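Look at TrEMBL and you will find 30-194 tagged as domain 'FAD-binding PCMH-type'. The annotation active site is assigned in TrEMBL to 173, 313. If you look up TrEMBL, you'll see 223 marked as active site, proton donor.
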Ligand SMILES: Cc1cc2nc3c(=O)[nH]c(=O)nc-3n(C[C@H](O)[C@H](O)[C@H](O)COP(=O)(O)OP(=O)(O)OC[C@H]3O[C@@H](n4cnc5c(N)ncnc54)[C@H](O)[C@@H]3O)c2cc1C
């Protein structure tokens, strides 16, 4: 599909790479090649790339840190644009970060400057752009909470637009950017003053807890499935689960998976860790198909036993969705390689 556009892309971008493996671009270290790959280091370069793809109707896909992606073994037959723009500036009490800035950099910056609001999001990998796209969060804090506005390139209008927090449409692990065709350029936040020592302590406590789950060196895309709002889980399902304390009004996906004894289950070289039921890891030579099969197995067993549908938090790229529409087919492997 992309072959016909490669000449245009090479002419426009001298630094264009071809067949760049998604193993190098994702934390799970899985995925086939990006047919064409471009890393942009300024918002101007990013906008230029978006104008080129729009002008020539070139298929494209934007990534940040690749920490929430599972890409098919066949790769992506598109121009993959990695947003690597990095800066944090303060203007009139507002903090603006470019989309490619790592979330950790912003967390560290906020603590250093005694600003409260995202200190518990320490340890979440990835960029500001990716965090806003999926409304990343942890321990009761979410990236959207203190956001004032986002500047983005709107490919439909072909102009830079400003979206207020309301217009960003934040929901649990979701935002308007999943559907609005805008690419995030930068984000502006308004944090309240806080006490540096307390912020630092809170952040360290969270990091210590996180390190128990996300041991250094794990090849994973974060939690695989989204947690569920307890109010939306049928009572009959809750009754089948071991008693537990409510976590921010949610029932974690892992409790269903663990109740089924699936911790430690392995498909190919992908395994559910033996210490957390919603943590699927690449043991080294795992494939996207292994991942998908293991996730689908969990999805199906949870559905059969509890009547509850789990939905991936991870963005599946070039892979079929894991949802009820696929359970009617006898073999999900029929979808190998489909986009
Ligand atoms: C060890 C580990 C722990 C994690 N813990 C958490 C956690 O506690 N809480 C949590 O919420 N998540 C967590 N995650 C998941 C992940 O880190 C977050 O979702 C993160 O915000 C993704 O950012 P990214 O830059 O890596 O996005 P990517 O994975 O590169 O992309 C994710 C999506 O964002 C889109 N996107 C990226 N940049 C832009 C942009 N500039 N404009 C428009 N769209 C864009 C992409 O197209 C893609 O659809 C964890 C992941 C790992 C590996």
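Any Cβ shown, glycine's included, is placed from N, Cα and C.
Automatic prediction, not curation, is the source of TrEMBL annotations.
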Next item on the list: Measure the Cβ-based neighbour count of residue 173 (active site), defined as the other Cβ atoms within 10 Å of its Cβ.
Entry: 19
Next item on the list: State the Cα to Cα distance, in Å, between residue 173 (active site) and residue 313 (active site), rounded to an integer.
Entry: 7
Checklist line | Nonlocal residues around residue 313 (active site), in sequence order (Cβ under 8 Å, 6 or more apart) | finding: 68, 134, 173, 222, 223, 224, 225, 226
Item checked: Around the Cβ of the residue listed as 'active site, proton donor', the count of other Cβ atoms that are within 10 Å -> 22
